[in-house]
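J.: So TrEMBL has the following annotated:
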- 217-244: coiled coil (COILED)
- 230-567: domain 'UvrD-like helicase ATP-binding' (DOMAIN)
- Gly251, Ile252, Ala253, Gly254, Ser255, Gly256, Lys257, Thr258: ATP binding site (BINDING)
Amino acid sequence: MSDTNKVQLDTGVDAAGTIDEQDPVLIEEQAHLDKIYAKLSAMRDELAAELEHGHEGAAADLRALSDEIRPDFGGAADEVMETLAAIETLNSVIDAYNQYHDFSVDKLRRLLLLLRQPYFAKVRLKMAPDRPARDVYIGAAGMTDERSRPLIVDWRNPVAETYYNQENGQTSYTVNGRTRTVELELRRQFDITRNHLNTYFDTTIAIEDSLLLGALRRHHSEKLKDITATIQREQNEVVRHEDVPALLVNGIAGSGKTSVMLQRIAFLLYRERETLSPSQVHLFGPNAVFEHYIDNVLPSMGEANPQVYTWRDFCEAQGAGGRDLGVDTDPASLEALEAGMGSLFLTVSDLREIRVGDTVLLKANQVEGAVDKYARFGVGPRFCALVTDDLHDRVNRRIASMSKDEELQEEMLGLDVDDQVRFFGETVSPENEQETASLTRRWLEQRFAAAHDEIDRLAWLRLDRVAMRMLNKPSVSASEWLYLRLLITGRGDTDARYVMIDEVQDYTTAQLMVLARHFSRAHFLMLGDEHQAIREGTASFAQIRELFCRTHGSVDECRLLTSYRSSPEITALFSGLVEHDEPVKLASVHRSGVAPHIEVLPDRDAFLAALRERVAAAHDAEGLTAVVAADDGAVSWLAKQLGGAADVIKNDRELPATGVVLMSLRLAKGLEFDHVIIPDASAETYPDTPLARRRLYTAVSRAMHEVTLLAQGELTPLVSA
Ligand SMILES: Nc1ncnc2c1ncn2[C@@H]1O[C@H](COP(=O)(O)OP(=O)(O)OP(=O)(O)O)[C@@H](O)[C@H]1O
């Protein structure tokens, strides 16, 4: 936080930290809270009762309405019309009930959220010089009273921007693209638990975020928490950023990138609630431990989680699993595939028959027939769409001819009652040859429905073989396979609206090329820290910018330069590791803490004794300590040496709240701990190379309050003892 930020002026707490019960502001605000809390409670009770009775009422109404409908499709035209009209009425009544029900359930969800903490701030705003100022209370959700007057405004509402701007006096907010200038007379923060006002903070001269400092004093928690009440100004610029095709956030370790990304998802789900569903938002994280770490944030804000993947999950979901994952694929090979499309011709050995189980529905030469028919268009999206349609037709024709096969007809006639009901919705007894054939066809269509899915997922094309030939390589990676499929089909996920990539500095240009093409219509939010690129060969921010300018037209950028995680001492240690030509000034908002402990041990015995001593001490301390080793080999060796003293974290494990864990740097990505012990801070593991520098920066910056570096033999030249 900058030096210009001053301590707040008024609070309900005196210098000794005791609450002044006589403080008139505290009394007035507690009275307001009592009133709002009582209203929220009454609304909750009323709505819960209404929903309960509504269920019974709705069920009775629907029964009565459906009793009135006499299905009559065989009678005169006007009777049929009448029946159809009655069904339509019934459907619209059901829709109305559903809408009412959805609205009520959503309102109840908001009420329950607010009853935990009705609001966390208020701003007093003068909307126009000749109008009196009005108070706006801001909370995790919005709520109006029975006359539609706002009781609490959602933090994502445009007017709440005046709180996050952290400006006193003249400030502004944007509604529907128009900027409104207003006068902020008061910005008051509240610490509230249910109906109890613990304290408040007024920030009337310059802004210091007292709530933030309070929030940061706490210990590590096993799950990341939302930061709704304390989003800082630079972070708010990302959360409320206008909707652009690609937004790249470059932020130092602990600057809140992950938190900001989740707040932005909540913001988008609110602002676009009419059209955006969480399933249209895709989030890429570094590993499964991280996935568990963040999975509570959106639900705690009353929003559903998006689709979360690691690169591996994505490849597997796309059917590209089982290959090398392509994290080292050279972008040049994807470019070579693209360049090779113009001269690509398919031969019969590139094609595969279409089968379901043991039944071959189309032989490879029949598939070749479809391919040859459209070869003149050249292999690509148009060709692919035409071949696909043709293959669907061929499968349908094949099923039609199979339905005349006597053996298959016999098989259909022999279906037991359960299967008949499953396939036809009723039991059947065909009366003539035509009916038998028609039922056999319906049955075969369902039995071989998977053939159509196979056609759509390009099972008829031996993509690996084609790619190997184009690249002249003995095998292809998942990245190459996926990219070629995208080039041929021209379509990835066209329904996706937003793709969020956390830790983007760990992706290669090739991986990002695949994602940019797969989610070609989606808007991207990419967040990362170039100093935390822990693998060789990943994309630089300049390369990311260049790629997305090409694929998405433009890239907007935001920077986050304050660490909200680490103490000033730890921030100084990891910012000292940033390569020197970078003119960045990194800051911590924390009060001073403990100096880093750096110890060089002469031999293995001395090293292990020191490590065991530190681990034992960590068990007695509060919070969670992580021993972060450079790689999996080091983790195995240390696990043996430490015995049960440290809990080894492998992929897909949740973090405990306290104790000591042992994990590799790769898995520690994106996480944080009260205390980090780096057991291999030697010159051998962390030599003076740019990669080792970034790896050490990443390891050190996982620490909130304490960091210990132990080196056996020579200390890494990157730090001084
Ligand atoms: N505005 C804020 N208010 C309260 N806490 C915050 C705020 N911003 C960040 N934090 C806290 O700081 C810590 C770091 O945040 P986060 O993990 O989102 O940072 P990051 O930039 O993704 O870190 P890294 O890149 O090092 O993994 C978290 O504990 C988060 O809750």
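Backbone N, Cα and C atoms are what each Cβ position is placed from, and that goes for glycine too.
All annotation found in TrEMBL is predicted automatically rather than curated by experts.
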J.: Could you tally the C-beta atoms, other than its own, that fall within 10 angstroms of the C-beta of Thr258 (ATP binding site)?
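T.: A count of 25.
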J.: List, in sequence order, the same-chain residues at least six positions removed whose CB sits under 8 Å from that of Gly251 (ATP binding site)?
T.: Lys257, Val260, Leu527, Gly528, Asp529, Cys558, Arg559, Leu560, Leu561
J.: Tell me which binding-site residues (Gly251, Ile252, Gly254, Gly256) have a Cβ under 6 A from ligand 1; sequence order is fine.
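T.: Only Gly251, Gly254, Gly256 meet the Cβ criterion.
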J.: Tally every other Cβ atom lying within 10 Å of the Cβ atom of Lys257 (ATP binding site).
T.: 26
J.: For the binding-site residues Ile252, Ala253, which one has the sparsest Cβ surroundings, going by other Cβ atoms within 10 Å?
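T.: It is Ala253 that, of the binding-site residues Ile252, Ala253, has the fewest other Cβ atoms within 10 Å.
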J.: Provide the three-state secondary structure of Lys257 (ATP binding site) computed with DSSP.
T.: helix
J.: Under a criterion of Cβ-Cβ distance under 8 Å and sequence separation of at least 6, what residues of the same chain contact Gly256 (ATP binding site)?
T.: Ile227, Gln232, Gln235, Leu560, Tyr564
J.: Restricting to the domain 'UvrD-like helicase ATP-binding' (230-567), what is the model's mean pLDDT?
T.: 96
J.: Taking the Cβ of Gly254 (ATP binding site) as the reference point, list residues of the same chain whose Cβ is under 8 angstroms away and which are at least six residues distant in sequence.
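T.: When sequence neighbours closer than 6 are ignored, Gly254 (ATP binding site) has Ser563, Tyr564, Arg565, Ser566, Thr571, Glu672, Ser701 within Cβ distance under 8 Å.
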J.: Counting every protein chain present, what is the number of Cβ atoms, excluding its own, within 10 Å of the Cβ of Ser255 (ATP binding site)?
T.: 26
J.: Residues near the ATP site, Gly251, Ile252, Ala253, Gly254, Ser255, Gly256, Lys257, Thr258 excluded, by Cβ within 8 Å of the Cβ center?
T.: Asp529, Leu560, Ser563, Tyr564, Arg565
